[in-house]
Structures are given as structure tokens and as C-alpha cells.
């Protein structure tokens, strides 16, 4: 149901070219080294980057952000290069390939969220995902504020890291005047992307209109017994019928909400409706589970296409080259099941998200300021008719939303 280019590689030359690309990608994988951002209690004590090519240490943004845990947040440098041909993407896009321990070793205890206080984190640990905060409406995407004021509030030091972040925010401010902070609970990449898509939509995507959408859970569960281990609302061991019905309900909810937003013609009214939707946490988290299942379906399609010798995007090779996701079953258990629970999206999974929604995700990566990777597109060679949403990140871990495009830019 999700259409993409699946032409078979023909002839010896095509096969040789495919193998050469794979060999290049795999060679790059062997050179991967993890890098860490080291937070500090004082901005002035953050490790300074030697030059712009070095990976900066993460400067503490707020004193209260690490109170109670003081854990260091890891930021992985992307892996494997992809060549792009767009003006924003005439550079190598390095994709993240994590080690086998990246998914299993991260946990709620050792990767606390720097964007929420310790009390809120501890309170939500004991609640199922889809009912967290159901008794109290909270806006998952904060009201907008001036992007330069936000930067000045978050980055007050004069270290090399702070200087780079300030320059990055200044560059973004030439395109967008404001920023909306996204709640961080390991769903932030899904939240920021879906919020942008719904607040900007003008029509229901074709893939959401398909009647096959609601048949997808039954179809996949009948073919792949391992999908019974799909984790929803932090509960395991459901009967197949219950799991099928629940995922079906989530997909129907996604279609209903998307259609409702697309029918609102006034951007202001649509934004208000979107804000209201993202205060209903029970529905909001179920929308994320629907998107995660669509990501699994897309991964299965890409994996099967590659096994059949069909052409697949390069990120698909990298997705299944990881020790923790050599096939869709491992991807589900070690990565997709962890999203929203013990981990967020890794960079290579941002490509998968883009393909699942058939959206181009453009990200301003502030710690990459003054490099060719400052603006990264997922995917780096998108279809021309795919809508574009824009996100902003300081560390490839947490994502916020730039809003209010400058008048000159919009023209």
C-alpha cells in the first residue's frame, strides 16, 4: 500500500553498483566511534571544542535540568555517508549506527530526561504510557517564544559550545522568528514531527485514505508471529485478537484526527485545534503508537524488498546492519518497542519515520553549525511531492519546533 520505487537492479553492472554501495556503507560502519556530550553544572566548566570539526561537549542548559540525577546525555555522531543533490543536501549525510548495547543498556534510570524535573519523571514511571497524566491536561508543545530570547535563556555561557549554539540559533532566526519547546519523554521526535504535520496539513494523505490501512494489523500479525511481542502501554502478553483490535483502533484514530485537521482551512483555527489535541494525552500517546506500527510496516517492506533484490534506500542497509536490528523482529524488540519507554529515535530511525509518513523532515542540527550537516534532510533524496516539516535539535536527541517563518523567507 505504501508506494515507493521498487525497480529491480538489472544486469551485471547494476548488481556491481549495488554491491559497491553496500561495501562502502559497511566499511564506514566499522569506523564508528561513540561520542558523548558531557553536561556540566556550570556553563563555564563545559568542555570546549578545539575547533569546529570536533564534536562539542554538551553544556548544561539549566541548573535544574540535572538536579536529582546529573546523568550525561549521549549524542551519537551519524554514520555512513549519503550523497545528496539538493541545495540543502550537497553534502555527506552520516547515519547513526549504534552498537549492540545501545538499545538494551539505555533505561529510564540511566537516561533521565533533561527536559523535565526529577519529580515528574518519577511520577510518570509508575503509569502506563497511554494514561499518563490523563487526569491533568498538559500542553505537550509549549507556547511559542522568540527564538533569540530562548537561546539567551538556555545558553548563557561563553564556552565554545555555547558560542556555537548561539550562532546556530541566530542562523535559524533568519528563517524562523519563534520556537516551541516540545515535551521530552522519549516521544519527542514523534511528537514534534506529528505536531508539525497536523498543524500544517491541508489534505488527508493518500496512504491514510486507503481501506487497507485498518487491515494492516491483522495482515501482519497473521504473517509474523513475533509481532505478538509488540509493546503497547507498557503491557506485554496480549492475545493476538486484542492486540490486532487495539492497533486497528489507533490507526483509525490517526486517520480521524488527520482528516479533522485537514478540513480546517484557517491556519489559526487549525493550530488551535492541534494545540487542543496535544493536551489530550490519552489520545496523543495512542497516535504515537499508530505511527510506530506504520514504521514497523515500512521496515518490513524495505527488508523484504532488499531480500528480493529490489532497489531500496541506503538507510535501509544501515537500519538492518546494526547488531541490535539485523531483521524486523529485532528492530521491533530492541528499538521500536523502546520508543517512549526507555529510549527515543536514533538518527537512522528518523529516515524510517519520514518514509512511514511520506514526509520530508528537515532538521536544523545546532551542534553542527558551520558544517555541511547543519541542515539535514530525512530522507536526503525525498520525493518531490512529499510535504516538508521542520524541526530543530541541539544534540540529535531532543527536538523542538521552529515556527513563524520570516516574511521574506515565506515569500
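Glycine is no exception: its Cβ is also placed from the backbone N, Cα and C atoms.
What TrEMBL lists as active site is 185 (among others).
Residues annotated as active site, nucleophile in TrEMBL: 188.
Counting every protein chain shown, the Cβ of residue 398 (active site) has 22 other Cβ atoms within 10 Å. As annotated by TrEMBL, active site applies to 398 (among others).
Sequence annotations record features per position, and here TrEMBL assigns compositional bias 'Basic and acidic residues' to 18-39 (among others).
The feature compositional bias 'Basic and acidic residues' is assigned by TrEMBL to 51-66 (among others).
According to TrEMBL, the feature compositional bias 'Basic and acidic residues' maps to 74-88 (among others).
Sequence annotations record features per position, and here TrEMBL assigns region 'Disordered' to 1-88.
Mean predicted confidence for the region 'Linear diubiquitin binding' (342-348): the pLDDT average there is 92. According to TrEMBL, the region 'Linear diubiquitin binding' annotation covers 342-348.
According to TrEMBL, the site 'Linear diubiquitin binding' annotation covers 373. Cβ neighbour count for residue 373 (site 'Linear diubiquitin binding'): 18 (other Cβ atoms within 10 Å of its Cβ, all protein chains included).
Most Cβ neighbours within 10 Å among the active-site residues 185, 188: this distinction goes to 188. Cα of residue 185 (active site) to Cα of residue 398 (active site): a span of 9 Å.
Residue counts for the region 'Linear diubiquitin binding' (342-348) under DSSP, split into helix (H, G, I), strand (E, B) and coil, are 2 helix, 1 strand, 4 coil.
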